[in-house]
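Written below as structure tokens is the structure these notes are about.
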Amino acid sequence: MEKIDLLSLTLKEIEEILTNMGEKKFRGKQIFQWVNKGVKTFDEMTNLSKNLRDQLAERTYITNIKIEKKLISSIDGTIKYLFLLEDCNIIEGVVMKYHHGLTACISTQVGCAMGCTFCASTLDGLVRNLRAGEMIDQILTMQEDTGERISNIVLMGSGEPLHNYDETINFLKIINDENGLNIGNRHITLSTSGLVPQIKTLADLKIPINLAISLHAPNDELRQQTMPVAKKYAIDELIDSCRYYIEKTGRRITFEYALIKGVNDRDKDARELGDLLKGMLCHVNLIPVNNVDERGYKKPSIESIHQFQNTLKKAGIETTVRREMGADINAACGQLRRKHLQN
């Protein structure tokens with residue numbers, strides 16, 4: 001019998017397992033609370049009988065990832081982690097320190113299949129999906145290591161969250177549970193390259209998380225140069241799915257736009273982007289591209305970035321420039337894992 005990862009299960013799923021074992025339903029709640037506190041052995045569950053702990057050990061297990069490497073930025077205190085999974089795969093996570101608390105950036109897949117040319121995470125393709133428990137354990141491990149509570153989550157590490165849809169939705173349910181990490185939906189941001197059917201399915205669930213769309217171009221021709229997913233879903237389809245999401249959830253959408261020197265940073269690109277997004281409940285986050293040596297991409301000048309931002313603002317689009325975090329430790333997505341794998 002294949003053992004079940006308890007950390008990947010919702011409270012309801014654990015309760016069902018316990019009642020099927022002939023135990024009282026409340027035992028499921030106790031176990032859910034234990035695993036989401038970060039315990040890694042059944043012996044630590046001191047309010048359970050030894051007989052029940054032994055039965056759990058026979059049928060289930062608790063995901064346990066390890067810190068393989070850790071770098072701390074001397075500039076802003078950002079912490080970059082390489083996590084070692086139980087099958088010896090490597091993923092990344094980042095903790096960023098803000099005045100409102102700690103934000104964790106976590107991975108949802110080992111590698112990525114999306115092929116975006118400005119991202120180092122996708123250079124070696126997709127290895128496998130992460131289980132919900134492996135996503136949660138990134139947060140638990142970060143909390144244990146820092147000694148502080150993680151108050152905000154961004155699903156912006158390696159992988160496309162909506163390409164691992166079922167596990168990502170389970171993860172959202174588990175971390176939002178008041179008996180677990182109890183992180184509010186409005187403190188969670190999911191970033192997607194734009195998988196249109198999944199955006200609509202997510203909208204129908206009406207989970208009021210923050211949705212961020214990796215747009216990076218104002219038209220299909222330009223977007224297809226950097227994002228293979230754009231060949232499957234036209235930009236008009238993507239924008240329609242975003243409008244549907246806003247209609248269903250009432251939540252503002254963030255459009256992420258990686259500014260690449262000489263590729264998508266021209267004034268005409270800014271004007272076209274303003275026209276595309278006009279009238280939407282949205283916000284544009286400009287991201288000066290991180291240098292990816294394999295692609296030869298460079299970030300634009302400060303003047304070009306501000307000019308692009310001002311053009312969007314004149315079009316009535318709320319626009320910010322993302323603050324660079326952990327620049328001295330290669331905290332950008334995919335950079336550290338790739339360097340580790342090459343050594």
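FYI, residue positions are counted from 1 along the chain as it appears here.
Note: Cβ is positioned from N, Cα and C throughout, glycine not excepted.
Quick look at what Swiss-Prot lists:
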| type | residues | note |
| --- | --- | --- |
| ACT_SITE | Glu92 | active site, proton acceptor |
| DOMAIN | 98-328 | domain 'Radical SAM core' |
| DISULFID | Cys105-Cys333 | disulfide bond |
| BINDING | Cys112, Cys116, Cys119 | [4Fe-4S] cluster binding site |
| BINDING | Gly159, Glu160, Ser191, Ser214, Leu215, His216, Asn290 | S-adenosyl-L-methionine binding site |
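Locations of recorded Swiss-Prot features on the structure.
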| residue | record | contacts (Cβ under 8 Å, 6+ apart) |
| --- | --- | --- |
| Cys116 | [4Fe-4S] cluster binding site | Thr122, Ser193, Ser214, His216, Thr226, Met227, Pro228, Val229 |
| Gly159 | S-adenosyl-L-methionine binding site | Ser107, Thr108, Gln109, Val110, Gly111, Cys112, Ser121, Leu126, Asn129, Leu130 |
| Glu160 | S-adenosyl-L-methionine binding site | Thr108, Gln109, Cys112, Ala113, Met114, Thr192, Ser193, Leu195 |
| Leu215 | S-adenosyl-L-methionine binding site | Gly194, Arg223, Leu238, Phe255, Glu256, Tyr257, Leu273 |
Practice task
Give the distance between the Cα atoms of Cys105 (disulfide bond) and Asn290 (S-adenosyl-L-methionine binding site), rounded to the nearest whole Å.
Solution key: 16
Practice task
Check the binding-site residues Ser191, Asn290 for other C-beta atoms within 10 angstroms of each C-beta and report the one with the most.
Solution key: Ser191
Completion exercise
Cβ density check for Cys112 ([4Fe-4S] cluster binding site), other Cβ within 10 Å (all protein chains) comes to 26
Handout entry: Per-region confidence, the domain 'Radical SAM core' (98-328) (mean pLDDT, whole number)
Key = 94
Completion exercise
Cα nearest Cys119 ([4Fe-4S] cluster binding site) among recorded positions (Glu92, Ser191, Asn290) -> Asn290
Fill in the blank from the handout: In all the protein chains shown, the tally of other Cβ atoms within 10 Å of the Cβ of His216 (S-adenosyl-L-methionine binding site) is 27
Handout entry: C-alpha spacing of Ser191 (S-adenosyl-L-methionine binding site) relative to the residue listed as 'active site, proton acceptor', in angstrom
Key = 16
